[in-house]
Amino acid sequence: MAMVDEPLYPIAVLIDELKNEDIQLRLNSIRRLSTIARALGEERTRKELIPFLSDNNDDDDEVLLAMAEELGVFIPYVGGVEYANILLPPLETLCTVEETCVRDKAVDSLCRIGVQMREKDLVEYFIPLVKRLAAGEWFTARVSSCGLFHIAYPSAPETLRTELRTTYSQLCQDDMPMVRRSAATNLGKFAATVEATHLKADILSIFEDLTQDDQDSVRLLAVEGCAALGKLLEPQDCVTHILPVIVNFSQDKSWRVRYMVANQLYELCEAVGPEATRSDLVPAYVRLLRDNEAEVRIAAAGKVTKFCRILNPELAIQQILPFVKELSTDSSQHVRSALASVIMGMAPVLGKDATIEQLLPIFLSLLKDEFPDVRLNIISKLDQVNQVIGIDLLSQSLLPAIVELAEDRHWRVRLAIIEYIPLLASQLGVGFFDDKLGSLCMQWLNDKVYSIRDAAANNVKRLAEEFGPDWAMQHIVPQVLDMINNPHYLYRMTILHAISLLAPVLGSEITCSKLLPVVINASKDRVPNIKFNVAKVLQSVIPIVDQSVVEKMIRPCLVELSEDPDVDVRSFASQAFQSIEQVMMSS
């Protein structure tokens with residue numbers, strides 16, 4: 001009897017837990033649906049589990065979201081694609097709930113199931129579901145339906161296709177802005193499945209309605225539709241239908257729509273082609289660069305390099321650069337920061353002469369900007385200018401900016417400049433680096449903030465890799481080793497960390513002659529944290545040095561540490577001993 005009742009147990013647990021007042025139990029139960037379905041078998045999952053889920057009226061959004069996600073991958077548990085339609089009713093219910101993330105997940109799951117369904121099942125079950133949702137009394141159903149048309153349409157017979165296009169058109173004119181927004185968002189996906197003849201006749205008229213919507217939240221979504229439709233239309237149709245819309249949108253009364261145009265500009269240019277871009281979109285882009293709203297100028301400034309790549313250099317210099325100069329002194333620091341992050345990329349576009357004549361003054365003014373983010377963005381892209389004009393012209397202005405950033409009171413700014421030091425080193429060369437930046441790198445090892453000291457230790461290692469062991473031996477190692485006598489133990493720990501990073505770069509000889517004696521000497525420190533860090537450093541250098549050095553210098557030191565009164569020091573010393581044994585066994 002027990003054997004017969006056993007399969008009933010999982011469903012009983014599920015039902016009990018789904019009705020439990022504790023939300024966590026209900027959630028755990030939903031997340032175990034696939035396990036329970038496997039235990040029940042395909043037939044009982046179809047006949048008992050799915051109907052139960054369809055009738056389940058849980059009101060917690062987290063539980064419903066988990067259910068929507070689980071059902072999307074449930075086809076194997078109901079018996080394969082021939083039974084996929086069984087999963088549609090519970091998901092249809094989830095498409096009508098109020099919480100947006102639950103509806104979105106239900107639509108995603110329906111799309112995943114729809115893609116796998118057989119054509120006849122799509123016509124029999126999926127398309128009626130889309131039509132029911134589209135005709136739903138409550139707006140949430142209509143919002144969800146918009147995301148399903150691109151799955152339903154390709155399999156629909158001709159009569160149903162006409163009906164689906166008409167229905168979508170009605171959704172684009174729905175009384176509720178949320179429905180129109182959803183229709184605008186999904187128009188590109190739907191348009192991609194529609195035949196070329198109906199694309200011009202039906203979809204473009206739907207699109208034109210959306211572009212003239214009285215709600216700016218709908219119009220700004222139609223901007224994305226411009227780029228999506230542009231890829232589907234012939235170039236001449238694109239210029240006729242899409243280009244005027246983009247130009248109008250660039251002058252829209254809502255700044256959010258103009259922002260969207262500025263943000264999507266490169267995709268829109270690709271849609272209409274280079275000729276139309278040069279003749280019609282340059283004036284529109286200039287308007288966006290001079291927009292009253294800082295957010296629009298930020299988005300437009302961020303696209304300046306990409307936009308100039310489409311134009312020829314002469315056009316970029318004549319029509320775009322004057323307004324780029326204006327932006328470099330913009331009242332908003334965020335506009336200047338956005339410009340600084342991309343303007344260096346214009347150097348390869350404009351060429352050497354134009355860069356020196358036109359761009360260099362802009363770079364220099366941004367390097368002296370009062371806000372650190374602007375200066376950082378210029379420094380981070382130095383390599384792009386260096387390839388075109390060399391670093392000499394910039395280096396005089398570069399140094400004051402770097403020094404100022406290196407000593408900035410905000411530690412995150414200091415951290416950012418440290419990360420660019422190896423890039424600067426490779427661009428500026430060893431001579432300039434030794435004269436100007438070497439002392440800064442040492443200064444950071446004594447910073448008050450741990451993250452800066454840690455980054456500085458990594459920076460020292462990367463510089464040793466860039467300029468080689470001989471240079472490091474002359475310029476880095478003596479100064480680093482001097483700092484091991486700092487009175488504060490935290491700074492001494494940083495130096496030990498730096499030594500462990502430098503050892504593999506400098507090689508066995510320098511490690512044994514210069515670094516190892518300092519580390520072993522530090523094992524006599526009175527602070528336990530220093531002593532167990534000594535054990536960690538010794539462990540890291542064991543693979544680098546000869547076995548004789550391990551026996552003569554490292555092992556005696558570890559023996560001493562393994563008898564230390566502090567438990568952590570003893571623990572790290574024993575770990576280092578294990579490393580010695582492993583190296584001996586492998587050799």
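Cβ coordinates are placed from backbone N, Cα and C, and glycine is handled just like the others.
According to TrEMBL, the feature repeat 'HEAT' maps to 10-48, 164-202, 203-241, 242-280, 281-319, 320-358, 359-397, 398-436, 476-514, 515-553, 554-587.
Helix, strand and coil counts under DSSP for the repeat 'HEAT' (554-587) come to 29 helix, 0 strand, 5 coil.
Tertiary proximity for the repeat 'HEAT' (164-202) is limited to same-chain residues at least six positions away from its ends with a CB under 8 Å from its CB atoms, namely 127, 130-131, 134-135, 139, 142-147, 149-150, 152-154, 156, 209-210, 213, 215, 217-218, 221-222, 224-225, 227-229, 232-233, 237. Same-chain residues lying 6 or more positions outside the repeat 'HEAT' (242-280) and placing a CB less than 8 Å from one of its CB atoms are 207-208, 211, 216-217, 219-220, 222-224, 226-227, 229-231, 233, 235, 287-288, 291-293, 295-296, 299-300, 303, 306-307, 310-311, 315.
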